[in-house]
Each structure stands twice: as structure tokens, then as C-alpha cells.
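Just below is one structure, and these are the notes that go with it.
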Amino acid sequence: MKVAVLGAAGGIGQALALLLKTQLPSGSELSLYDIAPVTPGVAVDLSHIPTAVKIKGFSGEDATPALEGADVVLISAGVARKPGMDRSDLFNVNAGIVKNLVQQVAKTCPKACIGIITNPVNTTVAIAAEVLKKAGVYDKNKLFGVTTLDIIRSNTFVAELKGKQPGEVEVPVIGGHSGVTILPLLSQVPGVSFTEQEVADLTKRIQNAGTEVVEAKAGGGSATLSMGQAAARFGLSLVRALQGEQGVVECAYVEGDGQYARFFSQPLLLGKNGVEERKSIGTLSAFEQNALEGMLDTLKKDIALGEEFVNK
């Protein structure tokens, strides 16, 4: 199983590469790519960690050598948020980066599963889909927007509030991956109940958690370490499913039946071909139903922006 990380010299990329080097199954290959010249050195640094995961690093304009034979490609390349910016302010720079890298994936490893981490995910996934479609290699079961950070944040905040072990809590999060489009389904957490005020406050905190980190880092970056952990969790789940493990479920932002929007984050059963089954979002509370209806315009606009970027 070969995993490629594109944007591997950045804050998310390095954290993700470290976690994959220590946690991928024995015999896996890990390939690191970034435009920055430090990338081969990041691979050498990680190669000294004693795990049976082969690692190589590549830098420069051409990602091809890193992508050859990849089964999973995780894309975290791009610029990070600064205070006062929201994820959509990143669009102008990151849209071009994602388009370029996905074109290279389409050429070199068209059958790979692709996880898009680069923000704004609501839009960059639509860009990736349109690029793959133009290249004639789009498979909607193999393209994912990685929203796992919303899930792990939800798990952490709920566990803190309710005095639970974080590992015991699993909150499904649907919708998209920014602001109001992030919808934690708190009504579906087994064995935990919330007051209306708690639901309102928690939902808001989960939606704004990225901004909390950006402000706390005081201009020195955005959420890189928790995002690295979230991306590793998703990537490792995907690898396990591709290798035939049964019953692997993760939420991610994918193209589905279009009931709510062309792309939508929901629980997915993963398998040997990527998405095996898009699972139902279940019964929503009145608060959640309202929030879902209220976000769809924003989500659809984000998606249209990505489609237009490629097709203009």
C-alpha cells in the first residue's frame, strides 16, 4: 500500500507524515512531496524512525515521482489562515494549487483514492472533481474532502463537557467543512443528552474551533497538529478498508445522490474501492434540521465557485 502526501513540508504535512510513518501497516510505502526544497530532508529525518514503512521525499514543480503507484493521495498543500481571514479567503491561492496537483494525480495514478485537506474544502473538492472529470478519470467513490477534524473536535468538546473519556464519544458531523456548514449531530451521540443551550453553544464552538486556534496562535499559523492527527485517522481508516477490513466507517465530504447538495459530508462505509456505501444521516432534531436547511445555500455557493474555477 503506497500513500503519497502532497504538501508534506508544511505544518499539517509534517505532522501527518510523522503519524503515518509510525502507524501505517508494516510493508507500506510513504511518499512525501512538496515544492519546498526541504522535503527530501523531511523524509530522511522520518526514515530514522524504526518502523517498517519505506519513505522517500521529492521536491520541485513535478509531483510525478512521488505519485507513481500511489493507492492513496492526501493533499494538504496550500497557504494557511491568518487572523481575520476565513477559509474562503484562502480560495484565490489554494484553488490553483489543488487544480495543478490533481491534474498530476489524474495523469500518474488515476485510480488512487484522493483525500483533500487543503481549505476551503467545500470548494477545493469541487475543483478536484471537475479536474478529474475533464481528464476522464473521475470516480466519485474515490474522492474525499477530509472533514475528520470536525469529528475529533466534536468528540473532544463533548467528552470535556460531559466528563467522558474522549475515546468513548463519536459524534457524526454532516454538511461541509467551514462555518455554518459544519453540523455536528449531537442528538445522535449514544448515552449523552444536552440542554438546548448546550447544543447551541457546542455547535457554535465546533463551527468556530478553527478560528479559536488561528487567534490563539496570534498570527503564527492555523490548526496544523490536530489537523495532522485528523488526516492520519482518515488516511489510516482508508488504508485499512482498501486492504479488506470490514466495517470501517468515517464521515467525509463526498459526491452523493445530491439530496442536499452535490457534495455533502456524511457517514461512509469504506471498502476496497473507496466508498462502499453512503450511510443515512438518520433522524435529526428540530435544531439540526433547521441548521441543515439554513446551510445549504452557503454550501451550494461554495461548490459552484469550485466548478466555475475549472470550467470558466
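Placed from the backbone N, Cα and C atoms, the Cβ positions cover glycine too.
Straight from Swiss-Prot, the features:
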ACT_SITE  H177  active site, proton acceptor
BINDING   G7, A8, A9, G10, G11, I12, G13, D34, N94, I117, T118, N119, M227  NAD(+) binding site
BINDING   R81, R87, N119, R153  substrate binding site
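Structure coloured by features recorded in Swiss-Prot.
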residue : record                 : DSSP class
G7      : NAD(+) binding site    : coil
G13     : NAD(+) binding site    : helix
R81     : substrate binding site : coil
N94     : NAD(+) binding site    : helix
T118    : NAD(+) binding site    : coil
R153    : substrate binding site : helix
M227    : NAD(+) binding site    : helix
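Across the structure, N94 (NAD(+) binding site) and H177 (active site, proton acceptor) are spaced 15 Å apart at their Cα atoms.
Ranking the recorded positions R81, N119, H177 by Cα distance from G7 (NAD(+) binding site) puts N119 first. Summarising the environment of A9 (NAD(+) binding site), the number of other Cβ atoms within 10 Å of its Cβ, over all protein chains shown, is 24. Of all Cβ atoms in the protein chains displayed, 25 besides its own lie within 10 Å of the Cβ of M227 (NAD(+) binding site). Max Cα-Cα distance over the annotated NAD(+) binders (G7, A8, A9, G10, G11, I12, G13, D34, N94, I117, T118, N119, M227) is 18 Å. Its Cβ placed at the centre, G7 (NAD(+) binding site) has 27 other Cβ atoms within 10 Å. Counting every protein chain shown, 18 other Cβ atoms lie within 10 Å of the Cβ of G11 (NAD(+) binding site). All protein chains shown were included, and the count of other CB atoms within 10 Å of the CB of R81 (substrate binding site) stands at 20. Candidate recorded positions: R153, H177. Fewest other C-beta atoms within 10 angstroms, R153. When the binding-site residues A9, G13, T118, N119, M227 are screened for a Cα within 10 A of the Cα of the residue listed as 'active site, proton acceptor', the ones that qualify are N119.
Look at the binding-site residues N94, T118, N119 and count other Cβ atoms within 10 Å of each Cβ; N94 has the fewest. Each residue contributes its Cα atom, and for A9 (NAD(+) binding site) and N119 (substrate binding site) these two points are 17 Å apart. With respect to their backbone Cα atoms, M227 (NAD(+) binding site) and R153 (substrate binding site) stand 10 Å from each other. Sequence-distant contacts of G13 (NAD(+) binding site), defined as residues of its own chain at least six apart whose C-beta falls under 8 angstroms from its C-beta, comprise V5, L6, G7, L32, D34, S76, A77, G228.
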